[in-house]
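According to TrEMBL, the feature domain 'Amino acid transporter transmembrane' maps to 81-192, 249-517. Residues annotated as transmembrane segment in TrEMBL: 83-103, 109-129, 162-182, 253-269, 281-302, 322-344, 356-377, 402-422, 434-459, 465-488, 500-520.
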Amino acid sequence: RPFHVEPTNIVSVTDDTQRVTDEASAMNKRIHYYSRLTSPTDRALIAPDHVLPAPDEIYVYSPLGTAFKVDSCTDGYGKNSSIVTIFMIWNTMMGTSILSIPWGIKQAGFTSGIILILLMGILTLYCCYRVVKSRKMIPLIDTSNWEFPDVCKYYFGSFGQWSSLLFSMISLVGAMVVYWVLMSNFLFNTGKFIYNFVHDINVTDIVPGTNGSNKVICPSAASGHPPQKTSLVFSSGNNTGFLLFEEWWNKSQTVPFYLVAVLLPLLNLKSPSFFAKFNVLGTVSVVYLVFLVTVKAARMGIHLEYNWFTENDFFVPEFRIQFPQLTGVLTLAFFIHNCVITLLQNNRNQENNVRDLSIAYFLVGLTYLYVGVIIFASFPSPPLSKECIEQNFLDNFPSDDIMSFVARIFMMTVYPLLGYLARVQLLRQLFGSAYPSVFHVLILNIAIVGAGVAIARFYPNIGGIIRYSGATCGLAFVFVYPSLIYVISLHRAGQLTWPALIIHIFIILLGLANLIAQFLL
């Protein structure tokens, strides 16, 4: 049964059964959300059997299409309990930003980094409140099935519609570029490890690092060396083959191109159902990263020294002028504003939405704080400097580190599904169909893949990519639109006060300053 079939034809709602009414309402909202992803003539999304939920078998959805079966966490009639709602929000917000939090703390300074994580969490949570309330502030219109882009269209017309599409695409394509860099990194390290193992090559990297079984390296310290000089080979035979391998297996010059042959065909598939099954690994990857951080910290110990304004050879000041680099990363790390309404609309007790959203944000902030603080504090200084913390902290572990190898595997699972969502959002708006033709889809995917290859080739810095894309899309969805909509709605209701106006203008200016600072520091 296609998703675009009229909801009234699916469930018969009777006046004498409130239970059926609740079930129909929850299911209709779910179907409405998925109907927005394709046109009525596009059968890429076909309703699975669980679209009509049985009392003992309930599914909930993340915005990326993963279905979670939660028999014991629902009321049996299509509504989610608070614990499921909180988990969905936490699961959706967790992404690649977590890999750059330790680097961001290093850029801002340890003390200021912790303070900024707390402040940005509070600020983005407040703006998220404004998003949730925005739909309810529209009078005399049924907005029960509206998402935040619909609210933007109501207040700002076609400009709001197309600008919200643009900034949504920036966040999606930015995430895909980050994943391309991560996948290139993973493929490079995997190929290097396998080649050395198969050919029984004993390689001593000239990259500075610690000794022992818990080796930590500083790749940025050797960034000035040409590729052919990055390794010293000790073997009894000719090393010509090894040098040839390093020439053709280069982290930025060759490996990003090899991924095209594998991923470009996958992006052209019509249905996302195969890839959606792997999206649940995103949750597993975050849990595994927390486990990895805990184990590594237990083995390396804590290495901290407080220098409030001065640097030395091994530690950074507690406050640094580069702190906007962390705020840019955090804007994307706490970004959920374009889909939070969808996540909350099936909460069993709607009066608990604010509470559940606050708890979810607290857990997200706690996860970021734990990973960022533990990696920064346990980084072995001395002998290495804290400046060695990479934009992807997994790069601080050598290619033969098994735990980081497993963590990199998890980063491979989401990319095709993100490509599908980017295709749906753009092509459906432009042509009325998520798959107008093979030619249209191929051109779009070539452009997206080309962007990933180009960035991986010339700017493989995921921290920079995250902060630029986060500050850009966050300016619209986090700072400007929620504040403007709130001010306009208060003005129309005759309830606007000077303090409210000044506070929300200040929030908009903060978002603008956050974006500008990314290009200055």
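Here the Cβ of each residue, glycine as well, is placed from N, Cα and C on the backbone.
Of the two recorded stretches, the transmembrane segment (434-459) does not lie close to the transmembrane segment (109-129), with fewer than three CB pairs under 8 Å once pairs fewer than 6 apart in sequence are set aside.
The domain 'Amino acid transporter transmembrane' (81-192): residue composition by secondary structure is 97 helix, 0 strand, 15 coil, according to DSSP.
Long-range contacts of the transmembrane segment (465-488) within its own chain (CB-CB distance under 8 A, at least 6 residues past either end) are made by residues 96-97, 100, 104, 124, 127-128, 130-131, 133-134, 137, 148, 151-152, 155, 160, 163-164, 167-168, 170-171, 173-175, 177-178, 181, 325, 327-335, 337-338, 455, 459, 496, 500-501, 504-505, 507-508, 510-512, 514-515, 517-518. Here the transmembrane segment (322-344) does not lie next to the transmembrane segment (253-269) in space: the count of CB pairs under 8 Å, restricted to residues six or more apart, is fewer than 3. Remark: the transmembrane segment (281-302) makes no contact with the transmembrane segment (253-269), by the rule of 3 or more CB pairs under 8 A.
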